[in-house]
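J.: Annotations for this protein, taken from Swiss-Prot, read as follows:
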ACT_SITE  Glu436  active site
BINDING   Gly213, Pro214, Pro215, Gly216, Thr217, Gly218, Lys219, Thr220  ATP binding site
TOPO_DOM  46-118  topological domain 'Extracellular'
TRANSMEM  25-45  transmembrane segment
TRANSMEM  119-139  transmembrane segment
Amino acid sequence: MMPSSQRPSPRGSRQSPSPDQRGRIAFAILATLVVAVLLLTLFSHAPSGQPLGYSTFIHDVQAKQVRTAVLNNTTGQITGSLTNGTAYSVTGPLPYTSSELSTLSKAHVQVSYITPGPGIASTIIEYVIFFGIFIGIWVYLTRRTQGSVNGIMSVGRSRAKTYTTERPKTTFDDVAGYQGVKGEVKEVVDFLRDPSRFSQLGARIPKGILLVGPPGTGKTLLARAVAGEAGVPFMSVSGSDFMEMFVGVGAARVRDLFQTARRQSPSIIFIDEIDSIGRKRGTGLGGGHDEREQTLNQMLSEMDGFDPAEGIVVMAATNRPDILDPALLRPGRFDRQIVVPLPDLPERLAILQVHTRGKRLAPDVDLEVMAKGTPGMSGADLANLVNEAALNAVRRGATDIAMADFDSARDRIIMGQRREATILSDEEKERVAFHEGGHAVLAYVLDYSDPVHKVTILPTGMALGVTQQLPERDRHLYPREYIEDTLVVRMGGRVAELLVYGDLSTGAANDLQGNTELARRMVREWGMSERLGPMAWGSQNVVFLGEDLLHSAEYSDRTARLVDEEVERILREQEERATELLRQHLPGLIAVAHALLERETISGEEVGRLVDEAAGHPIHPDGKRVLPIAKLPEYAELEQFTVTNGNNHAASHDDTDPVS
């Protein structure tokens, strides 16, 4: 896949030299003239006759062997003839002294003087320098003028890059997993390659395909794979490339892009981050016209307007489909909206296999185990994981990548980089140990919480300590028990400090913030409040101009007060649960805290062993409870929701930093 270049001119046609070539030719001619003049000057001033030393010349004068002497007042050169007729030349000092002239006069030498003006060589040099400077200034100003004119005239031209399939860099084989997504995209590619197979049944090619999904899931990679396999011109452009400081530039670039695509039809246009120009239309902050709207209107007209584009497929990618204009999403423009979700376990394994291809792996590396331990990671996260593992192997001087490198890379991505320079006092380290121990103990004893993977009191990322949990499987639906246990685990650090020290620190700031947001979503969005019942008001997203700026509250002040009361009730109930559980397992909390103070980092298995030994019996003799089948929701069409940030990343409690 290479950027297309200009077509070669017909054989035998003469092409005018480019400005750079003309500049090089002029420089070569000027340099040749300068060298010629210098050589001419050198040879024109070469002395003639037998060269003599100045002392020898004075001796010959005193011996009356010199007949004539011509003195050059400019160069100090003396030429003439001896009494025997031999010509000579000598260079004397300037100015000539009276004693020297008296010596010549006493010897009866015929003396004459010359004061030559500037020679032809000097004149040529002066003219060459003058005209060289003039030509240089003229060329510079000409180029500046042409650049300004070209810049102004080309401001409305599209910045799309056109690719051919002579050397495809990315194919569908490089896109691991996502068989359903690749099937949807391959159908469009097959249509462009062989449209007759579809037109026999009256099928028409989709005009637009919108790739929707979280960041890093491979939407742009799919587009590059289409460019590598389509066999038709593929034009790639970013949504931000349409916008410029001049009014009307965005619409002009849209027109130019589609005109170029029509000339090369059938073709594919890919617009990355289309939400930068496709945002919902509405009144701006000052009531004025938005340049983005003009660009969007031109895009709508080109895709399916009075003069629709035929033989052109528009692909676009975004992770914000909720803010796109409805007119852009209707059938006839973007006929298909393909969701590119976070990869599941088999897809994560396939992605890891693709990114480890060509890398030297140690025998102990098990990619399936690593795929199970990375739920919620996108394809970009997994690529970064493999690269971090390779860098870790290089840092320790190994010749291959071991499983320990992958574990270290995963911890670095989820928990953050360890801060070697941060040194805690003994009192701070002990408080952090009990704080993280509270998280870890509750995560172990609760039935529905995610298992503990690792606990550390080493300053990592922005935190002073981290308790890392890894889900046992990919979750697509979250029961109420899981959400409540998540609230209890987050309360563990705060409650542990209260039980051990009798007071609080700033370490629980992130815990409280996350719990408050989660409890508010339970009440506002998921209908998990008996007092408010089955009502939902949506999340409090960022305000977008022209859409949410003038919206009023969706509920009354009384309802808002009820929401706050229910959020407070949920948080206090889960805090009481956390307090009761930690009082029951206080010996286990002390054992875990002492282990952290001794070794600084312990595994989830060691946390379970310490808690079981302190309790005198296994807390989970048959393993952790899972959600019974009978309690699963009966309606498959229930909308999936997520607990935090819309994804299923491994949880980590990194909230013991006072900065938070």
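Backbone N, Cα and C define each Cβ position, glycine as well.
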J.: Looking at the binding-site residues Gly213, Pro214, Pro215, Gly216, which one has the fewest other Cβ atoms within 10 Å of its own Cβ?
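T.: Candidates: the binding-site residues Gly213, Pro214, Pro215, Gly216. Fewest Cβ atoms within 10 Å: Pro215.
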J.: Which whole-number mean pLDDT does the model give the topological domain 'Extracellular' (46-118)?
T.: 73
J.: Any idea what the Cα distance is from Gly218 (ATP binding site) over to Glu436 (active site), rounded to a whole Å?
T.: 36
J.: How many whole Å apart are the CA atoms of Pro214 (ATP binding site) and Glu436 (active site)?
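T.: Rounded to the nearest whole number, the Cα-Cα distance is 31 Å.
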J.: Around Thr217 (ATP binding site), how many other CB atoms lie within 10 A of its CB?
T.: 25
J.: Enumerate the residues of the same chain, Gly213, Pro214, Pro215, Gly216, Thr217, Gly218, Lys219, Thr220 excluded, that satisfy the criterion Cβ within 8 A of the mean position of the Cβ atoms of the recorded ATP site; list them in sequence order.
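T.: Those within range, site residues removed, are Leu211, Ala317, Asn319, Val340, Ser378, Gly379, Ala380.
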